[in-house]
Structures are given as structure tokens and as C-alpha cells.
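According to Swiss-Prot:
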- A108, Q109, T110, G111, S112, G113, K114, T115: ATP binding site (BINDING)
- 48-59: compositional bias 'Polar residues' (COMPBIAS)
- 95-266: domain 'Helicase ATP-binding' (DOMAIN)
- 293-437: domain 'Helicase C-terminal' (DOMAIN)
- 30-59: region 'Disordered' (REGION)
- 451-475: region 'Disordered' (REGION)
- 64-92: motif 'Q motif' (MOTIF)
- 214-217: motif 'DEAD box' (MOTIF)
Amino acid sequence: MALKPEKVKSSKSASTVDAKSLAEKIKKNALKQKKQAPVTEKPEEIVETTSEASQDVNSEQQFHTFSELNLVPELMEAIEKLKYTKPTPIQSGAIPHALEGKDIIGLAQTGSGKTAAFAIPILQSLWEAQRPYYALVLAPTRELAYQIKETFDALGSGMGVRSVCIVGGMDMMDQARDLMRKPHILVATPGRIMDHLENTKGFSLKSLQYLVMDEADRLLDMDFGPALDKILKVIPTKRTTYLFSATMTNKIAKLQRASLHEPVKVAVSNKYQTADNLVQSMMLVSDGYKNTFLIHLLNEFMGKSIIVFTRTCAHTQRSTLLARILGFSAVPLHGQLTQSQRLGSLNKFKSGKANILIATDVAARGLDIPSVDVVINYDIPTDSKAYIHRVGRTARAGKSGKSISLVTQYDLEMYLRIESVLGFKLPKDPSPPRDVLNALHVHVDRASAEAIKQTKDFHEKRTKKKRDDRDREER
């Protein structure tokens with residue numbers, strides 16, 4: 001029988017570990033770690049300038065309603081149906097120039113409306129000259145690729161637009177058949193579309209008119225650089241190119257020079273920053289009580305929409321099981337799940353069937369999750385850029401939000417680096433009273449043991465299934 005979480009009340013009284021002694025332990029441990037291990041690389045330097053060939057425009061309102069753009073009626077009807085009323089800054093800055101046929105480099109965070117900023121001009125152009133393989137949109141993750149396809153499908157619903165999503169983890173033959181149906185819009189991860197360009201007979205992008213690189217900084221962070229180089233060599237040089245990124249780094253500037261021609265740069269935000277309406281804090285915890293503090297926080301924010309970020313797939317899976325055993329409605333999201341499992345988790349969280357999403361950094365950027373109340377950093381991220389993207393999942397579209405980071409004695413170096421980039425110290429939230437925490441710890445310890453057992457059983461069953469399948473094939 002699943003244990004019901006005890007309702008824990010927040011208090012400023014005695015904590016599990018005295019804050020001063022814990023801080024001293026943290027400092028000692030950090031000095032020890034500094035001698036023993038190399039420091040994690042700093043995030044790539046952000047550059048404030050672009051090449052002389054680019055034209056900078058400010059993010060002031062270029063138009064006030066979509067009806068001012070003289071779009072085709074079918075596209076306008078879809079825009080109205082989707083309730084796009086007032087353009088976002090990136091849409092206002094980019095769309096007019098894109099409709100003039102100019103290359104665009106857009107600097108904007110996830111959730112700024114940038115998908116529509118490139119989809120609307122492409123669909124307007126496609127209406128005037130419909131042909132297959134018209135546009136290729138490259139995305140760093142499968143989830144983002146599916147969401148971009150959904151936006152194209154919704155905006156192109158009255159135009160007869162055919163789109164396809166080409167990502168890893170799906171059957172190559174099925175995808176080849178989809179490509180042979182000659183879709184107008186291809187949304188893909190770089191590695192998989194390159195596989196098809198090299199191996200799928202009859203498929204080429206010689207007639208491509210538009211290339212979009214979305215979340216380009218992340219494409220490069222995830223080592224898609226070589227695949228991007230190959231793609232740029234096999235597509236027409238005479239094309240329109242849009243590059244969207246959260247930040248302007250040296251790598252992005254280099255990619256811009258290699259792929260764009262006299263682009264217009266629209267910068268909504270190109271610095272490390274968090275939203276003004278985001279309340280950020282941290283809790284000093286001892287490593288052995290980390291799960292207990294997590295459950296305490298899930299109790300505190302009962303009924304809220306919560307994303308918990310962990311560092312590894314194993315932590316994500318185990319923390320999800322722990323939360324479920326203790327009666328919480330939680331779903332996992334990480335790279336070792338199948339595509340259908342990942343989409344299933346996302347849909348449950350977005351629809352409210354589960355109010356807790358426990359995830360690796362795959363959920364930090366690019367996912368369309370409309371309303372998140374709280375972000376909990378169960379594991380401190382390894383760089384400040386990842387921290388800013390994680391906490392940026394809440395306090396969006398003018399709403400307020402809360403983020404809490406659990407900091408152990410092993411996290412000080414990373415934590416101090418994050419504070420340095422933020423430019424201020426995160427306030428410390430008080431721990432619950434010692435007796436309440438210890439009582440909760442007993443339940444959490446028991447549930448943790450059960451979660452570990454279930455994880456082990458699952459892996460053993462999966463290994464046995466693989467062995468049985470192999471034996472059947474050999475017979």
C-alpha cells in the first residue's frame with residue numbers, strides 16, 4: 001500500500017543541519033574537490049556583436065496586429081483560430097523582414113513565440129509557389145521537432161500543407177515512405193535527416209527554399225556541428241535562412257557567417273538573465289537527506305504544476321518511482337525512454353493528469369509547456385546557462401513563478417559559479433523543524449528502498465527479455 005505524504009509545514013525554527021556548520025563543511029569539501037578534480041568548463045563567452053554584413057534592428061513593435069501583414073486569407077484564418085492576437089517582440093521584429101525575403105538571425109528565449117516567427121513567413125511564401133521539400137527546420141531534440149511540426153500543421157491547416165517529422169529513435173523505412181510522399185515542410189534532427197540524405201534513394205534537398213536552425217546554440221552544444229556542416233554542403237546556396245538562438249556566442253557567430261547572407265538581426269534578449277517575476281531561492285541540505293527535502297517540497301507545493309530537474313536518467317527514474325510510491329502524481333522525462341513514452345509523459349503533464357514532471361535537461365528548453373508554477377533543482381546543473389534555462393520554465397508570459405535549488409556539500413563550486421553569473425546571492429529558504437524532518441525521513445527512506453528494488457527488477461526483466469529475444473533469433 002502506497003504511503004500517503006505527510007503534510008509538512010514550513011518553519012524558520014531548527015533545521016536538520018545547522019546552517020553555519022554545513023556552510024563550513026561545504027567550503028572544506030569544495031577546497032578538497034578543487035585539488036582533486038578539474039573545474040567544469042565555463043560556458044562559452046557571449047559576444048555582443050555580429051558580422052559587419054548583418055543589419056541590427058531593435059525589438060520595438062514593427063506591427064500591432066497580424067492583419068497588417070497582408071497574409072493570405074487561409075493563413076489569417078488559422079492565426080485567428082489559434083488566438084494569436086498581439087505579436088510577441090520576436091514576431092514583431094522578425095516577420096516583416098522575413099516576408100521581404102531577408103535572412104534572419106533571431107536572439108530570443110524559448111517561449112517567446114519564435115516558432116510562429118519563422119513558420120508564418122514560410123507558409124506565406126509556400127502558398128505562392130507550392131512545391132515539395134520547400135523548407136527544412138532543424139531542431140536539437142525530438143520533442144521540440146514534434147512541437148514545431150504541430151505549429152506548422154495548425155497554421156497550415158487551411159492551406160493543404162503536408163509536413164513530416166524526421167527524428168532519431170523512429171523506424172527509418174517508415175520515415176523513407178513519408179519522405180517519398182513529398183511533404184512541403186521537413187522538421188528534423190540533424191543526424192537523422194543526414195542519414196536519409198545519404199541512404200534514402202530518390203531523396204534530396206536540391207529544391208530547398210528555406211532552412212531554419214532553431215535553438216542553434218543548443219544544436220552546437222549537442223555536437224551537431226559536423227552534421228550541420230554536411231547539410232549546408234548538400235542544400236542550395238541560393239535559399240533563405242533563419243537562425244534562432246537564445247544567446248549570441250562565438251560558435252553562433254561562426255555558424256551565421258557560414259550559412260546566412262546579409263541577415264537582419266532581431267535581438268529580444270541576448271544575455272544571461274532570469275525573469276523579474278521569478279522568485280529564486282536555495283536550501284542547504286545534507287546529501288543523505290536530499291530525497292527527504294524533495295518530498296518536503298512536493299508536499300509544500302501540493303496541487304501546483306512542478307518540474308523537478310535531475311542530472312541523470314537513473315536519478316530521474318528513481319525519483320519518479322519514489323514520488324509515486326509516496327502518493328504523488330509524477331511522470332518521468334529522459335533520454336532512455338522511447339519516443340512514445342516521452343510524448344506520453346509530456347501529454348500527461350501538459351493536460352494536468354500528472355502535476356509533477358521529473359526530468360533531465362531534455363525538458364529545460366524548447367518544450368511548449370504553458371504553465372509551470374515551481375521548478376525544483378534536485379541536482380545543481382553543471383553550468384549557469386543550464387540553470388537559467390531550467391528556471392526559465394516558470395514565470396513565463398507575465399506570470400509569477402518559484403524556483404528552489406537543493407545545494408549539498410558537493411555542489412558549492414557549481415552553485416557559486418551560478419550566483420556569480422546571476423550577479424546576486426540566492427536567498428536561503430528555512431528547513432522544516434528537525435522532528436518533522438526526521439519523521440518524514442523514515443517514510444522516505446522506506447520508499448527509497450522500494451524505488452531502488454523496483455528499478456532493479458525492471459532492469460532485470462528488460463535484460464532477460466533482450467536475452468530471450470536474442471536466443472529466439474539464433475534458433
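A Cβ is built for glycine as well, from the same backbone N, Cα and C atoms used for every other residue.
Between the binding-site residues Q109, T115, T115 has the most other Cβ atoms inside 10 Å of its own Cβ, all protein chains included. S112 (ATP binding site) is surrounded by 21 other CB atoms, counting those within 10 A of its CB over all protein chains shown.
Its Cβ placed at the centre, A108 (ATP binding site) has 24 other Cβ atoms within 10 Å. Cβ packing within 10 Å was compared across the binding-site residues G113, K114, and the lowest neighbour count falls to G113.
Here the domain 'Helicase ATP-binding' (95-266) has a mean pLDDT of 94 out of 100. For the motif 'DEAD box' (214-217), the number of residues in each DSSP class (helix H, G, I; strand E, B; coil) is 2 helix, 0 strand, 2 coil. Applying DSSP to the domain 'Helicase C-terminal' (293-437) sorts its residues as follows: 60 helix, 24 strand, 61 coil. In the three-state DSSP assignment, the secondary structure recorded for K114 (ATP binding site) is helix.
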